[in-house]
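So the structure is just underneath, and the comments pick up after that.
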Amino acid sequence: MLSSLIDICFSHIQVTKEKSFPKSMNETNHSQVTEFVLLGLSNSQELQPFLFLIFSLLYLAILLGNFLIILTVTSDSRLHTPMYFLLANLSFIDICVASFATPKMIADFLVERKTISFDACLAQIFFVHLFTGSEMVILVSMAYDRYVAICKPLLYMTIMSRRVCIILVLISWCVGFVHTTSQLAFTVNLPFCGPNQVDSFFCDLPLVTKLACIDTYVVSLLIVADSGFLSLSSFLLLVLSYTVILITVRSHSSASMAKARSTLTAHVTVVTLFFGPCIFIYVWPFSSYSVDKVLAVFYTIFTPILNPVIYTLRNKEMKAAMSKLKSRYLKSGQVSAVIRNVLFLETK
């Protein structure tokens with residue numbers, strides 16, 4: 001009788017323990033969530049076809065514009081300079097930034113329930129911080145390139161050698177990798193046992209960590225500190241570099257300095273468009289989720305599409321190289337000949 005009473009008491013204690021600590025004690029080492037539900041940009045089903053068309057066209061423009069820059073820089077020997085080498089790498093990173101989540105977002109416009117697996121969610125977190133971290137360092141490298149070109153023109157080719165340019169690109173990817181690894185380390189071991197709805201069109205790290213079954217206040221602070229430090233320090237370096245360059249440019253009035261001002265204006269515009277949303281999301285503490293969603297669209301869609309426009313419309317060398325590329329590959333009758341050959345091979 002006594003043993004039966006003891007068994008009943010222990011059973012009651014065990015049940016109470018499981019009810020009281022289902023998330024923080026018993027499930028910290030086990031994740032029950034196998035997928036997340038993405039709420040997307042809008043809940044309106046009537047807007048989904050319209051958004052599908054708009055973002056499909058924007059994504060196509062991103063791919064075509066940035067691939068055009070890469071093709072132009074690689075095919076024209078006059079553009080084999082440090083500035084255009086870094087610009088081509090920036091275009092490649094812009095393609096990556098636009099591609100880690102945009103294709104899924106476009107596909108999700110065609111389905112009612114937008115889901116993503118747990119592993120795919122972690123992959124999105126990994127790639128967004130890898131690519132954006134790399135882009136920050138590339139922009140700093142481009143600012144350094146302009147600083148050397150304008151402030152130390154006689155030593156430009158010596159300082160900005162091809163070896164130095166390759167090292168700068170490798171450093172950008174290494175910084176991005178270290179940054180995203182540190183960010184993912186905060187998330188990969190968190191327990192997720194519901195809810196699983198992410199109020200965005202991709203797995204944004206601050207939103208995902210809030211879904212964990214434990215208190216993530218300290219983790220959220222570390223995430224903001226990590227991303228905020230990289231964004232703010234890169235932005236301050238850019239501001240310092242461009243301030244020195246502007247002071248140097250103001251003391252000259254020649255035609256070469258006018259060209260430097262034009263190039264500098266393009267760089268400052270790109271930096272503002274990219275760093276503005278990033279700093280606002282990770283440094284400014286009072287932004288709402290709806291604002292963050294708009295800013296996420298801005299730096300994943302609009303910045304990659306604006307970069308080719310800014311760097312080509314204000315750059316005479318790029319426009320001349322693109323005209324030469326057009327005349328080389330789109331000669332009169334050449335396109336129709338290619339089409340005829342393709343049709344002939346298909347009917348053969």
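Note: Cβ is positioned from N, Cα and C throughout, glycine not excepted.
Now, the feature entries from TrEMBL:
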type: TRANSMEM; residues: 50-71; note: transmembrane segment
type: DOMAIN; residues: 65-311; note: domain 'G-protein coupled receptors family 1 profile'
type: TRANSMEM; residues: 83-102; note: transmembrane segment
type: TRANSMEM; residues: 122-144; note: transmembrane segment
type: TRANSMEM; residues: 164-186; note: transmembrane segment
type: TRANSMEM; residues: 229-252; note: transmembrane segment
type: TRANSMEM; residues: 264-284; note: transmembrane segment
type: TRANSMEM; residues: 296-313; note: transmembrane segment
Among the ranges 83-102, 164-186, 229-252, the one whose Cβ pairs under 8 Å to the transmembrane segment (296-313) are most numerous: 83-102
Cβ-Cβ under 8 Å with the transmembrane segment (164-186): same-chain residues at least 6 beyond its ends: 82, 85-86, 89, 93, 122, 125-138, 141, 144, 205, 209, 219, 222-223, 226-227, 230
Residue numbers, six or more beyond the limits of the transmembrane segment (50-71), whose CB comes under 8 Å of its CB atoms: 41-42, 87-88, 91-92, 94-95, 98, 102-103, 105-106, 109-110, 301-302, 304-305, 307-309, 311-312, 318, 322, 325
Tertiary contacts of the transmembrane segment (83-102) (same chain, 6+ residues out, Cβ under 8 Å): 55, 59, 62-63, 65-67, 69-70, 73-74, 124, 127-128, 131-132, 134-135, 138-139, 141-142, 145-146, 149, 162, 165, 168-169, 172, 201-202, 263, 299-301, 303-305, 307-308, 311, 318
For the domain 'G-protein coupled receptors family 1 profile' (65-311), the mean pLDDT of the predicted model: 85
